[in-house]
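Peer 1: Before anything else, here's the structure in question.
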């Protein structure tokens, strides 16, 4: 009896409609924008920029955030592909499955991890800020009609639980969590999930191998070197995204995705190492003098190199 009542409350479309009807049109429009804070693309770009342009001394902590985000993707992709719960009717042509909410799970894991490992402000301030963003993302998924309340509640709970499970103070090691993400993705694939599992397997393999190379190295790359190297690598991302579109049913697509995302994720992690060797390239020196952060390294704790005189 109680289970049926809970099911009706958490996975009934009328609950979504009641929440939506209680909000003014302006709030609904605002939530349509807020929901993008939990988009996979948003989290990837945010995590990558933090990793590339943050303080050198905090690189391991930022890699930890990437690892946790990858683990969250593996969990949500696996669960979606196993449960195969349809989205609410209001979602219309919105693709994918409903349970759990990847936005809620990924957002909780990413922003939760960021709040734990960051050193900006007080711990309470970081937790309040992260909690607010996570709550807004979760509510937005219900308001725009693409998830049931239960989808986002479970998603947030799993995302935060994953952070609590893998973050153990200074003992947390990104390489271990990258490997864990790969294991989760392989298990999900073995259980029948095809929701982004090949992408996650590839990314986890590439990240695990790359981190063995990156860990412990110190670098002082110029910001311009990072920007230039990123621009050179950008076409790879477009090729990876185009593969399943151009050859949607080709038997080699899964293998190409695994290899491609392994290379792409490894590249993200080694960019600061490679960029450090490009500091004296003429193109880097020229660009460094013209960027808004001209004359600065990506490490706020380091002295400026190449300042304009």
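A Cβ is built for glycine as well, from the same backbone N, Cα and C atoms used for every other residue.
Note that the coordinates shown come from a computational prediction; the quantities given were computed from them, not determined experimentally.
From TrEMBL, here are the annotated features:
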{"type": "DOMAIN", "residues": "63-167", "note": "domain 'Phosphatidic acid phosphatase type 2/haloperoxidase'"}
{"type": "TRANSMEM", "residues": "33-52", "note": "transmembrane segment"}
{"type": "TRANSMEM", "residues": "64-84", "note": "transmembrane segment"}
{"type": "TRANSMEM", "residues": "96-118", "note": "transmembrane segment"}
{"type": "TRANSMEM", "residues": "152-168", "note": "transmembrane segment"}
{"type": "TRANSMEM", "residues": "175-192", "note": "transmembrane segment"}
{"type": "TRANSMEM", "residues": "226-247", "note": "transmembrane segment"}
{"type": "TRANSMEM", "residues": "253-275", "note": "transmembrane segment"}
Peer 1: What residues in the same chain, six or more past the boundaries of the transmembrane segment (96-118), come closer than 8 Å to it by Cβ-Cβ distance?
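Peer 2: Tertiary neighbours of the transmembrane segment (96-118) are 35, 37-40, 43, 46-47, 50, 58, 61-62, 64-65, 68-69, 71-73, 75-77, 79-81, 83-88, 126-127, 129-130, 133-134, 137-138, 140-141, 146-148, 150-160, 162-163, 167, 195.
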Peer 1: Among 64-84, 152-168, 175-192, 253-275, which stretch has the highest count of C-beta pairs below 8 Å with the transmembrane segment (33-52)?
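Peer 2: Maximum Cβ contact count belongs to 64-84.
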Peer 1: Mind pulling out the one from 64-84, 152-168, 253-275 with the most Cβ pairs under 8 angstroms to the transmembrane segment (175-192)?
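Peer 2: So the stretch in question is 64-84.
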Peer 1: Please report, as numbers and ranges, the same-chain residues at least 6 past the borders of the transmembrane segment (152-168) whose CB is under 8 Å from any CB of it.
Peer 2: 10, 64, 67-68, 71-72, 75-76, 99-109, 112-113, 116-117, 134, 138-139, 141-142, 177, 180
Peer 1: What mean pLDDT score does the domain 'Phosphatidic acid phosphatase type 2/haloperoxidase' (63-167) have in the model?
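Peer 2: Averaged over the domain 'Phosphatidic acid phosphatase type 2/haloperoxidase' (63-167), per-residue pLDDT gives 90.
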